[in-house]
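Annotated features, as they stand in TrEMBL:
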ACT_SITE  HIS191  active site, proton acceptor
BINDING   CYS199, CYS202, CYS229, CYS232  Zn(2+) binding site
COMPBIAS  368-381  compositional bias 'Basic and acidic residues'
COMPBIAS  397-407  compositional bias 'Basic residues'
DOMAIN    86-333  domain 'Deacetylase sirtuin-type'
REGION    368-407  region 'Disordered'
Amino acid sequence: MEKEADTGVSSRTERKALEKAKILQRERERKIFRLVARVLKKPEADRSEEEAAVLLLHGETAEELCKRQVRTNVLKRKQEEMFDDADELKSKVRQLAVAVKQAKHLVVYTGAGISTAASIPDYRGPNGVWTQLQKGRTVSSSDLSKAEPTLTHMCVRMLHKEKLVQHVVSQNCDGLHLRSGLPRHALSELHGNMFIEVCTSCSPVREYVRLFDVTERTSLHRHGTCRRCSHCGSELRDTIVHFGERGTLEQPLNWKGAAEAAKMADVILCLGSSLKVLKKYACLWCMNRPASKRPKLYIVNLQWTPKDDLAELKIHGKCDEVMSLLMDELNIQIPVYDRLEDPIFSLATPLRLEEVDSHSREIISPLDGREDCLPDSREQAEEATAVQGGWFGRGYGKGRKKKKKAA
């Protein structure tokens with residue numbers, strides 16, 4: 001028994017000694033990294049003989065730190081916004097106009113960059129949601145239902161009306177393409193629409209378009225909106241596809257329409273998207289075809305995208321400016337958004353009496369955004385100090401958790 005006890009004590013002592021040795025080794029490595037990093041920050045001409053000897057002695061560490069710096073610099077360059085000068089921009093837009101005129105089946109892919117003019121932040125730009133969170137900053141409150149279709153939204157709608165654009169594939173959940181007047185059959189909202197909730201218990205799926213953001217209580221893997229289907233009584237759910245989820249709803253996602261449009265496309269125009277998510281959807285790019293038989297790709301974005309090397313033309317400019325120049329080249333007048341003609345009012349299903357208090361989001365009104373019958377909802381929206389829940393707030397909550405862990 002005594003021998004067994006001694007063996008147990010010895011084993012514990014050895015484990016503790018081993019753990020202590022590992023901790024000391026990690027601390028020595030950290031000190032070496034800090035020392036080498038300090039030396040590398042100095043210009044080579046200013047380094048002392050002792051510092052040069054440190055780099056020779058710890059060559060592998062110096063090499064690893066240099067590789068890290070290269071990767072950091074590349075990442076910074078990719079995040080930088082670039083602007084073509086006025087003459088170059090006009091020249092590129094003329095090339096784009098020729099492509100639009102000659103296209104037999106033009107498909108437009110849109111991202112958050114086309115909605116920034118409507119005061120909806122993007123994700124990866126200098127002031128984007130993810131960018132701010134990575135820097136440890138907070139995201140300001142935004143009532144996204146106050147946004148209206150931008151000039152780019154109206155241009156895309158007009159190009160479809162003129163039969164120059166056959167289909168629009170959007171990553172945006174803000175519903176602004178729908179509100180611009182773009183027909184639903186010509187639109188695929190791959191990540192959902194903040195104004196639409198559905199009953200998946202009904203067959204076919206029953207859709208309810210609302211005049212407010214239905215995602216107030218929803219988040220990743222939690223899609224119930226706490227309202228009920230007027231036909232079967234089941235709980236309604238939002239249509240948002242969060243990061244890490246796979247969208248299965250037929251509408252408003254319309255994956256079938258997106259895939260068919262991509263298959264027929266001879267030209268793809270990408271507007272305001274980093275393409276970091278869209279690039280993962282193989283069916284949108286026809287990569288199984290030989291390069292010569294794939295659609296010609298035109299990209300309008302201020303930052304680097306993973307598809308730049310495959311593009312016929314990359315335009316570094318703001319979407320509204322580029323589209324305004326394009327419409328001039330095509331000699332097509334840009335329609336002005338008229339709230340009274342917004343299709344969402346004719347599509348909307350009114351809430352039942354018992355559901356009136358089921359949300360605190362501001363309701364869109366056809367009269368300059370005023371909703372006299374819901375003063376309390378407006379006051380609650382104005383008093384909000386942070387984005388709460390929903391498709392936009394999900395990233396905010398995610399960032400806050402990371403920040404707490406880091407602290």
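Every residue, even glycine, has its Cβ placed from backbone N, Cα and C.
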Alpha-carbon distance [CYS199 (Zn(2+) binding site); the residue listed as 'active site, proton acceptor'] in Å: 17
Other residues, Cβ within 8 Å of CYS199, CYS202, CYS229, CYS232 Cβ centroid (Zn(2+) site): THR200, SER201, ARG206, SER230, HIS231, GLY233, SER234, LEU236
Per-residue pLDDT averaged over the domain 'Deacetylase sirtuin-type' (86-333), given as an integer: 90
Around the Cβ of CYS232 (Zn(2+) binding site), the count of other Cβ atoms that are within 10 Å: 11
Residue, out of the binding-site residues CYS199, CYS202, CYS229, whose Cβ gathers the largest set of other Cβ atoms within 10 Å: CYS199
Surrounding CB atoms that lie within 10 Å of the CB of HIS191 (active site, proton acceptor), all protein chains: 20
